[in-house]
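Peer 1: Please read through the structure below; I'll follow up with questions.
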Amino acid sequence: MSNKITIRNLKHIRELTFDVPPPGVHLLSGANGAGKTSVLACLRRIGQGNAFAQHFRASQYSDSLDNFDGAEIVYCVNGREVTYAYGGERWVPRPRSNNRLLSAFGYPSVFYIGATADRITPRPEDFNVRRVAQAPLQLREAANRILGTNKFDALKTINLTRGGGNSAFVLQSKPAPGAKYVSERNFSLGELCILKLVRELMYCANNSLVLIDELELALHPRAQIELLRYLQEMAEQKRLTVIFSTHSVSLLKRVPREQILFLEASNGAVTTVKGCYPTYALGNIAYDEERAPDLVIYVEDESALYATEALARLSISHRFRNEVSLFPTVHVVPIGPFISVVRFLARSRALLPPTTVSVALLDNDVKTETIAGWRAQQNHAALAEFQAHERTIDYLPWTPEVGLVEYLGNGGDAQLHIRQHFNNHHLQVRPQDIGDIPPAAGGEQRRACKAAVQRVVRHIAGALPNESEVQVQKALFQLFSKWHFDKNRASVLQLFGPLLTQALVT
């Protein structure tokens with residue numbers, strides 16, 4: 001008898017039954033909204049008790065919004081069942097006597113990885129060159145192979161605190177003496193995701209369950225194929241069950257059809273089509289891909305991502321409040337340092353359908369400091385690279401961390417908003433976390449603000465057992481963006497209005 005999961009009345013899913021596959025690499029596909037991420041979340045719960053809290057977050061403001069009343073997730077293992085039902089605040093197992101049944105799936109560990117942008121940037125007090133160590137050879141070789149490079153020959157790791165378990169990646173950019181290092185902050189999203197995945201695969205126990213959620217979004221097609229080969233090798237070597245959620249044509253065309261699990265939705269009932277031909281899966285996905293985003297905005301990093309997403313949503317809501325059916329679809333994508341954004345913008349047209357508009361929104365300091373400095377120095381080569389794309393480059397009103405620190409220091413507004421958002425009246429924005437911020441704009445001020453944001457995020461996340469630092473950081477930038485929009489609505493609409501108009505007329 002196969003082990004299976006049945007999902008009922010969860011979000012848009014009326015009922016979905018998923019048979020857990022045997023060891024090997026399996027591609028989970030389906031149109032957007034079919035339930036791929038929900039399936040992975042339920043599989044994640046087999047080994048991670050907080051999976052439902054991470055993926056199925058109810059609204060703290062209204063019972064009518066993001067409510068999971070009536071939702072059930074049924075796990076059937078060796079003929080025995082346990083049902084998790086949403087009880088208003090948490091998911092409760094029935095019968096309670098079967099609350100340990102999930103361990104009967106037999107996976108010694110379960111891990112999940114997606115194309116998420118959380119990075120570890122060592123604080124000055126944490127970075128001690130004596131704690132820098134060569135990354136394992138297997139990790140370096142796998143990363144080089146998958147990403148088609150040799151740059152990871154110089155990959156190092158550093159324990160940020162004494163002991164283990166808090167390790168970050170760094171790349172050595174200059175040899176000793178006077179060695180220099182590049183932190184995760186300057187790794188591309190694809191590079192960082194691959195490093196984390198390979199590290200997990202190296203150390204996970206045999207017979208583990210590996211869940212990968214649309215990681216190919218951060219990878220070039222060649223890297224996708226190499227990743228698939230690596231996963232197949234590791235799955236065979238360690239008898240892993242790998243379930244890889246994907247839309248990738250490159251991947252779906254390169255596996256036997258027995259390894260494809262396609263979710264097909266019809267009026268809320270979702271069927272798992274096992275072993276379908278790749279052309280079947282691709283034909284269904286292609287219809288959905290015709291509705292590609294109208295506008296793609298490339299930004300520098302996660303801080304800009306969170307702020308830009310919030311400002312874009314607010315601008316769309318304001319402009320299209322009486323014409324909901326007309327509003328454009330906007331995707332915001334973090335790329336890396338500003339020059340990487342500009343260069344990616346130049347080649348991104350080949351990756352997008354002709355109906356999609358792509359632009360770059362850079363941090364304000366690029367305009368006020370970097371470009372102004374180039375003009376003063378008459379650096380015509382650098383200026384020319386920007387001028388070639390000046391019609392598709394614009395600037396945020398601030399460097400995100402500088403704007404956020406201004407908001408956090410603005411009387412009691414920020415603290416009140418934070419308490420309301422997290423429904424916790426004990427949260428505080430402490431002056432010692434913000435610290436002394438240089439009044440003059442420039443690199444010193446930016447570095448101080450970024451350090452202050454890290455301290456505030458760390459303090460608030462430490463007081464919230466169910467919130468990660470990444471979730472707190474995202475929430476703070478969303479609250480700041482709403483505050484900025486309310487105070488500067490005209491200027492924000494002046495920035496986003498033309499972009500939205502261009503997306504609609506293309």
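Every residue gets a Cβ built from N, Cα and C, even glycine.
What TrEMBL records for this protein is below:
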{"type": "DOMAIN", "residues": "4-44", "note": "domain 'Rad50/SbcC-type AAA'"}
{"type": "DOMAIN", "residues": "178-252", "note": "domain 'ATPase AAA-type core'"}
Peer 1: Do any residues, 6 or more residues outside the domain 'Rad50/SbcC-type AAA' (4-44), come within under 8 Å Cβ-to-Cβ of it, and if so which ones?
Peer 2: 51-52, 54-56, 68, 70-76, 105, 110, 112, 207, 209, 211, 213-214, 228, 231-232, 235-236, 239-247, 251-252, 255, 259-265, 267-270, 272, 274, 281, 284-285, 287-288
Peer 1: For the domain 'Rad50/SbcC-type AAA' (4-44), DSSP counts of helix, strand and coil?
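Peer 2: Computed counts for the domain 'Rad50/SbcC-type AAA' (4-44) are 9 helix, 21 strand, 11 coil.
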Peer 1: Under DSSP, the domain 'ATPase AAA-type core' (178-252) has how many residues in helix, strand and coil?
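Peer 2: Reading the DSSP string over the domain 'ATPase AAA-type core' (178-252) gives 44 helix, 14 strand, 17 coil.
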Peer 1: Note the mean pLDDT of the domain 'ATPase AAA-type core' (178-252), expressed as a whole number.
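Peer 2: Average per-residue pLDDT within the domain 'ATPase AAA-type core' (178-252): 91.
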